[in-house]
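See structure below.
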Amino acid sequence: MGDPSGIGPEIIAAALADPAVTGICRPLVLGDRVAIERGIAVAGAQLSIVSAPDLVPPVDPAPGTIYLRELSALQPDQMLYGRPTPAGGDACYRYICTAAGLCMDGTVAAMATAPINKESLNSAGHQFPGHTELLAELTGGHEVVMMLAGDRLRVTLVTIHEALSRVPELVTFDRVLSTIRITHDSLSRWFCKTPRLAVLALNPHCGEGGMFGDEETRIIAPAVAAAREEGIDAVGPLSADTLFHFAAQGGYDAVVCMYHDQGLIPLKLLHFDDGVNVTLGLPIIRTSVDHGTAYDLAGTGKASPASMKAALVMAAQMAQAVTHAGPQDPSPSGRGCPKGG
Ligand SMILES: NC(=O)C1=CN([C@@H]2O[C@H](COP(=O)(O)OP(=O)(O)OC[C@H]3O[C@@H](n4cnc5c(N)ncnc54)[C@H](O)[C@@H]3O)[C@@H](O)[C@H]2O)C=CC1
Ligand SMILES: NCC(=O)COP(=O)(O)O
């Protein structure tokens with residue numbers, strides 16, 4: 001359900017009132033009853049809550065229902081709009097842990113998360129920068145990659161939630177190569193058979209022959225060369241300032257970026273409304289909205305549920321691709337896979 005003080009409950013309600021979502025999956029909400037009731041009212045959705053303490057929704061769910069597993073009983077002062085609390089952060093932690101457990105034991109096929117406030121998660125004593133790192137630990141310490149995806153552009157990140165000043169030391173040969181590998185393997189599995197990857201430079205103009213940095217020659221170019229030797233269709237390092245223009249025209253299936261804002265600024269410019277955050281490398285399927293808790297909008301009914309809907313639909317399509325896995329096209333949605341990709 002995400003942060004009860006943010007827009008999570010209302011965008012969940014709006015998404016689950018849409019037959020395009022409930023037509024493709026049987027959603028089980030993990031969260032707080034009072035927060036979801038309030039979200040339903042804010043969204044103006046015609047939905048009633050069915051308590052599902054131990055169950056998953058039936059094969060034929062009753063129309064207009066939200067199946068809810070109540071994992072918290074927050075007090076009114078712990079869910080004031082725009083006022084995150086440690087209790088809310090702790091509740092988010094429980095929702096995420098339970099969802100991961102249900103995915104791991106096969107009770108559910110996938111999880112889609114609403115936004116959390118990372119500060120309140122940490123204030124509750126859970127020292128994680130975000131879902132991505134928490135899920136990596138909960139599911140066995142896998143190396144994971146954050147991808148944000150829309151129809152026109154996909155980006156994956158070598159470093160995620162890090163101070164910009166730390167990025168250069170974290171851009172290592174091993175990290176760049178493993179991000180390329182995980183991006184390639186995951187795209188091949190879910191989205192395109194033979195993905196074409198662009199790998200970005202860290203510095204302006206690829207370092208301009210060493211004048212503005214040498215990470216390109218020392219680290220990124222050798223990592224791209226190693227990936228190519230493994231048969232991965234990757235090119236780079238390429239200058240970030242021009243590459244996105246070509247990537248958005250279909251030149252690449254994903255762009256491997258060195259740091260958070262290098263990838264997320266162009267992604268959100270094109271796909272703020274419908275972008276989906278996917279964690280690659282996990283043994284489970286996890287998607288998420290591409291935005292945060294939007295405290296300025298919480299409770300107003302003005303928040304767009306489009307990314308929440310897209311995250312739910314993509315999770316369901318990925319799960320179906322697993323169920324029906326075969327030699328046929330692995331693309332669950334056809335999202336942005338250019339011809340010949
Ligand atoms: N998946 C997750 O759990 C994410 C959580 N966050 C967390 O969210 C909190 C707030 O982060 P911010 O940087 O302020 O980003 P934000 O995405 O919450 O808000 C940025 C701007 O976008 C607008 N906005 C966000 N979602 C919207 C929607 N669905 N419809 C219409 N407008 C929307 C907001 O009103 C605000 O003006 C932070 O604690 C951050 O860590 C941020 C990104 C992802
Ligand atoms: N900017 C994306 C973001 O912060 C999402 O993080 P996570 O909670 O999905 O790890």
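Glycine too: its Cβ is placed from the backbone N, Cα and C atoms.
Going by TrEMBL, these are the annotated features:
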- HIS131, THR132, LYS268, ASN277, ARG286: substrate binding site (BINDING)
- HIS161, HIS205, HIS260: divalent metal cation binding site (BINDING)
- 322-341: region 'Disordered' (REGION)
(request) Look up HIS161 (divalent metal cation binding site) in the DSSP assignment and reduce it to helix, strand or coil. (result) coil
(message) At 10 angstroms around each C-beta, which of the binding-site residues THR132, ASN277 has the fewest other C-beta atoms nearby?
(response) THR132
(message) Between LYS268, ARG286, which of the binding-site residues has its C-beta surrounded by the fewest other C-beta atoms within 10 Å?
(response) LYS268
(request) Out of HIS131, HIS205, give me whichever of these binding-site residues has the highest number of other Cβ atoms within 10 Å. (result) HIS131
(request) Go through HIS161, HIS260, our binding-site residues, and report the one whose Cβ sees the most other Cβ atoms within 10 Å. (result) HIS260
(message) For the C-alpha pair, I'd like the distance in angstrom between LYS268 (substrate binding site) and HIS260 (divalent metal cation binding site), rounded off.
(response) 12
(message) For ligand 2, list the binding-site residues among THR132, HIS205, LYS268, ARG286 whose CB atom is within a distance below 6 Å of it, in sequence order.
(response) THR132
(message) Between all pairs in HIS131, THR132, LYS268, ASN277, ARG286 (listed as substrate binders), what's the biggest Cα distance, rounded to the nearest Å?
(response) 19
(message) What does the structure give for the C-alpha distance between HIS131 (substrate binding site) and HIS161 (divalent metal cation binding site)? Integer Å is fine.
(response) 11
